[in-house]
Amino acid sequence: GIGGTFQYGLQISIINSPAEYIKSFMCETWLKRYGSSPSEEIITLMWSFIVSVYCIGGLLGSLSVRCLSVRFGRKKTMLLANVPALLSAALMGLSRLSGSFEMIIIGRLLSGVCGGLGLNIHIMYAGECAPQKLRGVIAITASTAIAVGKFTGFALGLREVLGVEALWPVLMAANAIPALIQLLTLPFFPDSPRYLLIDKKDKEGCI
(Lines of atoms letter the chains of each structure in order from A and count residues from 1; the text may use other names and numbers.)
(Lines give C-alpha, C1' and ligand atoms only; values in the text may rest on other atoms or scores of the structure.)
Protein backbone atom coordinates (compact mmCIF):
# COMPACT_ATOMS: atom_id res chain seq x y z
CA GLY A 1 0.00 0.00 0.00
CA ILE A 2 2.94 2.41 0.39
CA GLY A 3 2.86 3.38 -3.28
CA GLY A 4 -0.90 2.91 -3.54
CA THR A 5 -3.47 4.41 -1.20
CA PHE A 6 -0.74 5.66 1.17
CA GLN A 7 0.10 8.35 -1.42
CA TYR A 8 -3.54 9.45 -1.46
CA GLY A 9 -3.71 9.79 2.32
CA LEU A 10 -0.37 11.60 2.47
CA GLN A 11 -1.32 14.24 -0.12
CA ILE A 12 -4.71 14.85 1.48
CA SER A 13 -3.14 15.87 4.81
CA ILE A 14 0.27 17.25 3.87
CA ILE A 15 -1.09 20.44 2.29
CA ASN A 16 -2.57 21.79 5.54
CA SER A 17 0.60 22.60 7.48
CA PRO A 18 2.49 24.82 4.98
CA ALA A 19 -0.59 26.86 3.96
CA GLU A 20 0.58 30.20 5.37
CA TYR A 21 4.12 29.72 4.08
CA ILE A 22 2.92 28.97 0.55
CA LYS A 23 0.60 31.99 0.60
CA SER A 24 3.50 34.16 1.73
CA PHE A 25 5.66 32.69 -1.05
CA MET A 26 2.98 33.53 -3.63
CA CYS A 27 2.81 37.13 -2.36
CA GLU A 28 6.60 37.52 -2.58
CA THR A 29 6.74 36.01 -6.07
CA TRP A 30 3.88 38.21 -7.30
CA LEU A 31 5.58 41.30 -5.88
CA LYS A 32 8.89 40.49 -7.60
CA ARG A 33 7.21 39.84 -10.94
CA TYR A 34 4.69 42.65 -11.15
CA GLY A 35 6.01 45.23 -8.68
CA SER A 36 2.84 45.29 -6.61
CA SER A 37 1.30 43.09 -3.92
CA PRO A 38 -1.61 40.86 -4.97
CA SER A 39 -5.04 41.40 -3.45
CA GLU A 40 -6.38 39.06 -0.79
CA GLU A 41 -8.91 37.73 -3.30
CA ILE A 42 -6.20 36.69 -5.76
CA ILE A 43 -4.19 34.91 -3.06
CA THR A 44 -7.31 33.11 -1.84
CA LEU A 45 -8.20 32.12 -5.41
CA MET A 46 -4.71 30.77 -6.16
CA TRP A 47 -4.54 28.90 -2.85
CA SER A 48 -7.98 27.38 -3.45
CA PHE A 49 -6.80 26.24 -6.87
CA ILE A 50 -3.63 24.67 -5.41
CA VAL A 51 -5.76 22.67 -2.97
CA SER A 52 -8.53 21.68 -5.39
CA VAL A 53 -6.41 20.88 -8.47
CA TYR A 54 -5.44 17.68 -6.65
CA CYS A 55 -9.02 16.47 -7.18
CA ILE A 56 -8.80 17.16 -10.92
CA GLY A 57 -5.60 15.11 -11.08
CA GLY A 58 -7.30 12.37 -9.06
CA LEU A 59 -10.17 12.29 -11.56
CA LEU A 60 -7.75 11.98 -14.49
CA GLY A 61 -5.85 9.21 -12.70
CA SER A 62 -9.03 7.31 -11.83
CA LEU A 63 -10.38 7.53 -15.37
CA SER A 64 -7.18 6.09 -16.83
CA VAL A 65 -7.03 3.05 -14.49
CA ARG A 66 -9.11 0.73 -16.67
CA CYS A 67 -7.12 1.40 -19.83
CA LEU A 68 -3.70 1.20 -18.15
CA SER A 69 -4.46 -1.83 -15.99
CA VAL A 70 -5.57 -3.86 -19.02
CA ARG A 71 -2.77 -2.70 -21.30
CA PHE A 72 0.18 -2.88 -18.90
CA GLY A 73 -1.14 -5.03 -16.06
CA ARG A 74 -1.80 -4.16 -12.44
CA LYS A 75 1.81 -4.26 -11.26
CA LYS A 76 3.23 -2.16 -14.11
CA THR A 77 0.42 0.38 -13.69
CA MET A 78 1.34 0.76 -10.02
CA LEU A 79 4.95 1.29 -11.07
CA LEU A 80 3.86 3.86 -13.69
CA ALA A 81 1.93 5.75 -10.98
CA ASN A 82 5.27 6.62 -9.41
CA VAL A 83 6.29 8.68 -12.45
CA PRO A 84 3.81 11.54 -11.75
CA ALA A 85 4.61 11.19 -8.03
CA LEU A 86 8.33 11.80 -8.60
CA LEU A 87 7.65 14.61 -11.10
CA SER A 88 5.30 16.32 -8.63
CA ALA A 89 7.87 15.99 -5.83
CA ALA A 90 10.55 17.55 -8.03
CA LEU A 91 8.31 20.44 -9.12
CA MET A 92 7.02 21.28 -5.64
CA GLY A 93 10.40 20.78 -4.01
CA LEU A 94 12.10 23.18 -6.44
CA SER A 95 9.26 25.72 -6.65
CA ARG A 96 10.70 28.20 -4.12
CA LEU A 97 14.20 27.91 -5.57
CA SER A 98 12.77 28.65 -9.03
CA GLY A 99 10.46 31.40 -7.79
CA SER A 100 7.40 29.82 -9.39
CA PHE A 101 4.16 29.05 -7.57
CA GLU A 102 2.86 27.60 -10.86
CA MET A 103 5.17 24.64 -10.23
CA ILE A 104 3.21 23.90 -7.05
CA ILE A 105 -0.05 23.88 -9.04
CA ILE A 106 1.34 21.49 -11.67
CA GLY A 107 2.92 19.37 -8.94
CA ARG A 108 -0.38 19.07 -7.09
CA LEU A 109 -2.11 18.08 -10.34
CA LEU A 110 0.46 15.33 -10.95
CA SER A 111 0.28 14.11 -7.36
CA GLY A 112 -3.49 13.89 -7.86
CA VAL A 113 -2.96 11.68 -10.92
CA CYS A 114 -0.75 9.42 -8.77
CA GLY A 115 -3.35 9.38 -5.98
CA GLY A 116 -6.17 8.55 -8.40
CA LEU A 117 -4.20 5.69 -9.91
CA GLY A 118 -2.98 4.38 -6.55
CA LEU A 119 -6.39 4.55 -4.89
CA ASN A 120 -7.94 2.29 -7.52
CA ILE A 121 -5.12 0.02 -8.67
CA HIS A 122 -3.96 -0.85 -5.12
CA ILE A 123 -7.36 -2.36 -4.26
CA MET A 124 -7.53 -4.15 -7.62
CA TYR A 125 -4.01 -5.59 -7.42
CA ALA A 126 -4.18 -6.61 -3.76
CA GLY A 127 -7.61 -8.21 -4.14
CA GLU A 128 -6.64 -10.22 -7.22
CA CYS A 129 -3.35 -11.45 -5.71
CA ALA A 130 -4.76 -12.39 -2.31
CA PRO A 131 -5.63 -16.01 -1.43
CA GLN A 132 -9.39 -16.49 -1.24
CA LYS A 133 -9.40 -16.93 2.55
CA LEU A 134 -7.47 -13.69 3.07
CA ARG A 135 -9.13 -11.55 0.41
CA GLY A 136 -11.22 -9.53 2.84
CA VAL A 137 -8.30 -8.86 5.17
CA ILE A 138 -6.02 -7.88 2.29
CA ALA A 139 -8.66 -5.50 0.88
CA ILE A 140 -8.73 -3.65 4.21
CA THR A 141 -5.07 -2.71 3.73
CA ALA A 142 -6.25 -0.02 1.29
CA SER A 143 -8.10 1.94 3.97
CA THR A 144 -5.33 1.20 6.48
CA ALA A 145 -2.73 2.68 4.12
CA ILE A 146 -4.91 5.81 3.65
CA ALA A 147 -5.07 6.29 7.42
CA VAL A 148 -1.31 5.76 7.82
CA GLY A 149 -0.69 8.20 4.94
CA LYS A 150 -2.86 10.87 6.59
CA PHE A 151 -1.14 10.35 9.93
CA THR A 152 2.30 10.56 8.26
CA GLY A 153 1.33 13.80 6.50
CA PHE A 154 0.19 15.40 9.76
CA ALA A 155 3.29 14.14 11.60
CA LEU A 156 5.67 15.51 8.96
CA GLY A 157 3.84 18.84 9.10
CA LEU A 158 4.61 19.39 12.78
CA ARG A 159 6.86 22.35 13.58
CA GLU A 160 9.35 19.96 15.19
CA VAL A 161 9.70 18.04 11.90
CA LEU A 162 9.19 19.82 8.55
CA GLY A 163 6.43 22.29 9.38
CA VAL A 164 8.64 25.38 9.36
CA GLU A 165 9.08 28.07 6.72
CA ALA A 166 12.56 26.97 5.68
CA LEU A 167 11.50 23.35 5.06
CA TRP A 168 8.05 23.54 3.47
CA PRO A 169 9.40 22.65 -0.04
CA VAL A 170 10.94 19.49 1.47
CA LEU A 171 7.59 18.70 3.10
CA MET A 172 5.77 19.10 -0.21
CA ALA A 173 8.29 16.77 -1.90
CA ALA A 174 7.94 14.05 0.75
CA ASN A 175 5.83 11.87 -1.57
CA ALA A 176 9.03 10.99 -3.46
CA ILE A 177 10.09 8.66 -0.62
CA PRO A 178 7.18 6.16 -0.84
CA ALA A 179 7.40 6.35 -4.64
CA LEU A 180 11.08 5.37 -4.56
CA ILE A 181 10.44 2.60 -2.02
CA GLN A 182 7.77 1.11 -4.28
CA LEU A 183 9.96 1.41 -7.37
CA LEU A 184 12.66 -0.58 -5.57
CA THR A 185 10.40 -3.27 -4.07
CA LEU A 186 7.39 -3.84 -6.36
CA PRO A 187 9.36 -5.37 -9.29
CA PHE A 188 9.99 -8.42 -7.04
CA PHE A 189 6.23 -8.98 -6.59
CA PRO A 190 4.19 -11.27 -8.89
CA ASP A 191 1.65 -9.94 -11.37
CA SER A 192 -2.07 -10.40 -10.86
CA PRO A 193 -3.23 -13.97 -11.70
CA ARG A 194 -6.51 -12.60 -13.05
CA TYR A 195 -4.67 -10.24 -15.41
CA LEU A 196 -2.40 -13.03 -16.64
CA LEU A 197 -5.30 -15.41 -17.31
CA ILE A 198 -8.02 -13.12 -18.66
CA ASP A 199 -6.11 -10.29 -20.32
CA LYS A 200 -2.84 -12.02 -21.31
CA LYS A 201 -4.24 -15.54 -21.88
CA ASP A 202 -1.24 -16.88 -19.98
CA LYS A 203 -2.67 -19.90 -18.17
CA GLU A 204 0.72 -21.24 -17.05
CA GLY A 205 1.78 -17.85 -15.69
CA CYS A 206 -1.53 -17.58 -13.83
CA ILE A 207 -1.09 -20.99 -12.22
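Cβ atoms are placed via backbone N, Cα and C, with glycine included.
Predicted automatically and left uncurated, TrEMBL annotations should be read as such.
Taken from TrEMBL, the feature domain 'Major facilitator superfamily (MFS) profile' applies to 1-207.
Marked as transmembrane segment by TrEMBL: 42-65 (among others).
The feature transmembrane segment is assigned by TrEMBL to 77-97 (among others).
According to TrEMBL, the feature transmembrane segment maps to 103-125 (among others).
Per TrEMBL, the feature transmembrane segment maps to 137-158 (among others).
According to TrEMBL, the transmembrane segment annotation covers 170-189 (among others). Only residues 6 or more beyond the boundaries of the transmembrane segment (170-189), in the same chain, are considered here, and those with a CB under 8 A from a CB of the stretch are 2-3, 6-7, 10-11, 14, 17-18, 75, 78-79, 82, 85-86, 88-90, 92-93, 95, 104, 107, 111, 114, 129, 153, 156-157, 162-163.
Across all of the domain 'Major facilitator superfamily (MFS) profile' (1-207), the predicted model scores a mean pLDDT of 93.
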